[in-house]
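What follows is a set of notes on a single structure, which appears directly below.
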Amino acid sequence: MLGFLKKPVVVTAEINLSLVALTVVGLMSRLWGLSYPRAVVFDEVYYGQFVSLYMKRIFFVDDSGPPLGHMLLALGGYLGGFDGNFLWNRIGAEYSTNVPVCSLRFLPALAGALCIPLAYQILVELRFSHCAALGAALLILLENSLITQSRFMLLESILIFFILLAVLSYLKFYNLQRHSSFSGRWWFWLLLSGVACSCAVGVKYMGLFTYMLLLVIAGLHFWHMLGDQNLSNVGGATCKINHVLRKACVSLVCHFLARGLTLLIIPVATYLSFFYVHLTLLYRSGPHDQIMTSAFQASLEGGLARITQGQPLEVAYGSQITLRNVLGKPMQCWLHSHTNTYPIRYENGRGSSHQQQVTCYPFKDVNNWWIVKDPGMQQLVVSNPPRPVRHGHIVQLVHGITTRYLNTHDVAAPLSPHSQEVSCYIDYNISMPAQNLWRVEIVNRESDTDVWKTILSEVRFVHVNTSAVLKLSGASLPEWGYRQLEVVGEKLSKGYHQSMVWNVEEHRYGKSQEQKEREVELHSPTRMDISKNLSFMAKFTELQWKILTLKNEDTEHKYSSSALDWITMDTNIAYWLHPTSGAQIHLLGNVCTWASANVAAVVYTCLSLWYLIRRRRKIYDIPEDAWQLWVSAGQICVGGWVVNYLPFFLMEKTLFLYHYLPALTFQILLIPIVLQHLSDHLCRSLLSKSMFSALTVAWFSSVCFAYRTFSPVTYGEPLSVAELKDLRWKDSWNILIRKQGH
């Protein structure tokens, strides 16, 4: 029974010392002097604000992308004990003692360092030599732009890490396909590939490009499986000959479902989990929640929630309400009226109805209150029991303070002459009768009997007489309208647009029939004890839509560039400048590496076209296994460069050099692939191979020289004016030189 104790327990392990050494050197290159400079560097001023909001649990919206990258930066701050108290107001501001600079920059630096062993392993999995894999890792190690970007509180290094991890995981899964299908390792790498893709998208939407590339490659691989005559086992179990076809079909179905689960369903679930954690952490109201709907705002602690908690859910005849326009552009505003009337004639000579003005007012005000009235009854209070208003009901909206009825008629609106004027009706005893009946249409209803609900229901008000829809035009009225936003009756009532949709934000059941008592009631706040919460999916859908559609106005930036400038690195970005010495940090790449990457891409493309033309004529210049190796490398490296670069030509946004770094990484991986191919298949004699090896060594020496030359502006070493001028290899580079520099 205890016989196993007679022999020692032995554990053997294979350790790739090259991989270990690359990892250690990579960590040193990215982590050395990480807290320097102890000042805000470039976009740290942007991401730092979100880290502070995470520390304080305050909700925010960042239109640049999903929340995973921000949460990872905040995790660094949390682990370093950051309390969020720092004013991120300008680049170059010195960090206070409570800011754990090293901790905030650690995760991007770690991700950047781990990209080096990932590059090595990717080429190994592509079946290239360890020498080529080592070359790829060294090129990533010595790339100045990747070092700079990874040493600060920025997201590109994290994005590239997850992209490379996804590629490596898929390659490992694919290489296990033949002999270890459905094994534990097979499942692990396939699952990790899907999760890494989701993480890449969760950091920045740029990760979607690589995710789509891997989906296409996985689809091609599965297509080839359909024609594989030898596919007759699942989990390595050999089938009898008479069951081969049936087993193959079962195997194909299992392979298809496995890929669908791990590359589609799990990534979507993982992506949703990022938002779940994000919304769980940020439960407090803040300045950003004003762009969200009333329902979303009411789900946050503080802010609107303090006002709307416990309001009656169902809007009834006699309810006192405020109506917020759902669009929220150009700013959030509420349906509003005041005693002033439209001018008899406008500046262009066109006449108005001279009725009481109705506008959309961007501030909370007592004049935002309206009373929902039953047209068949005179009372302005809620009956007992309340009579709820439903979809399709006809109502009148009575302005709470002036008691005039919301009205529209066939008179041109002040600033939108093709639309109808909206007013509160004043009886001037002339032939212009009131037209104040409105039909309530709940656009997000589940049935035609739905009740109009506070906050939750999005409604349109359709004018009974003219079929015009109450709409926010967004135009700002002149001085006579106090610069408030114009509200019109849109004659084209077909279709759905958020400017036509309103929701009840504040709500109370009216109790006072007398006007003076009612005015006191309208001035009092609405406060009760019950809260209404949105489901996670409702909050996710709204937040995701805001991220995708909310775009800040693009402004010119000193260091913005076009995608064409990136290939030849005709641009740079000054990240930081020491206030007194010549020390500065720039986003500048290794010139030799960038040029070599471009040459490698051109050589690969030309050789591929040559091989394809020759193969079309049944001339095979290289063995079939070498051709398959060449093609698979192109799918990953050239494909990765294409999908991460070309889309920027279609984007209408301010672009910077760092946007090119994911594409550049794939292009760098192509360099040793092309070099090995040239050495193996084009250098046929011993002399040519020796000469090619010598040229390769000389070329790599130039890469090392360029790295060392630009390392002072990579790590922020002090430089004299003459040294700074010597670094300006291109006239288009903006190297900052102070006259008093020394």
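From the backbone N, Cα and C atoms, a Cβ is placed for every residue, glycine too.
Remember, TrEMBL labels are computer predictions, not curated facts.
For 9-32, 106-124, 131-147, 153-174, 186-203, 209-227, 248-277, 594-613, 625-643, 655-678, 690-710, the entry in TrEMBL reads transmembrane segment. The domain 'MIR' feature in TrEMBL is assigned to 312-375, 386-443, 447-507.
Highest Cβ pair count under 8 Å relative to the transmembrane segment (690-710), across stretches 9-32, 131-147, 209-227, 594-613: 131-147. The stretches the transmembrane segment (106-124) and the transmembrane segment (153-174) meet in space: the count of Cβ pairs below 8 angstroms, excluding pairs fewer than 6 apart in sequence, reaches at least three. Over the domain 'MIR' (447-507) the predicted model carries a mean pLDDT of 88. Remark: the transmembrane segment (655-678) contacts the transmembrane segment (153-174), by the rule of 3 or more CB pairs under 8 A. Here the transmembrane segment (625-643) has long-range neighbours at 122, 126-128, 163, 167, 171, 209-210, 212-213, 217, 220, 601, 604-605, 607-608, 611, 615, 662-667, 669-670, 673, 677, 680-681, meaning same-chain residues at least 6 beyond its ends whose C-beta is under 8 angstroms from one of its own.
The DSSP breakdown of the domain 'MIR' (312-375) into helical (H, G, I), extended (E, B) and coil residues amounts to 3 helix, 30 strand, 31 coil. Within its own chain, the transmembrane segment (153-174) is flanked in space by residues 41-44, 47-48, 51, 69, 72-73, 76, 104-105, 107-109, 111-112, 114-115, 118-119, 121-122, 125-126, 146, 185-186, 189-190, 192-193, 196-197, 199-200, 203-204, 206-207, 210-211, 214, 217-218, 221, 636, 640, 658, 661-662, 665, which lie at least six positions past its ends and keep a Cβ under 8 Å from the stretch. With DSSP classes pooled into helix, strand and coil, the tally for the domain 'MIR' (386-443) is 0 helix, 26 strand, 32 coil.
Beyond the transmembrane segment (248-277), the same-chain residues lying 6 or more positions past its ends with a Cβ under 8 Å from any Cβ of the stretch are 66-68, 71, 181-182, 187, 190-191, 193-195, 197-199, 201-202, 211, 214-215, 218, 222, 225-226, 231-234, 536, 540, 543-544. Residues 65-69, 72, 155, 158-159, 162-163, 165-166, 169-170, 172-173, 176-177, 180, 210-211, 214, 258-259, 262-264, 266-268, 270-271, 274 of the same chain sit 6 or more residues outside the transmembrane segment (186-203) yet have a Cβ under 8 Å from a Cβ within it.
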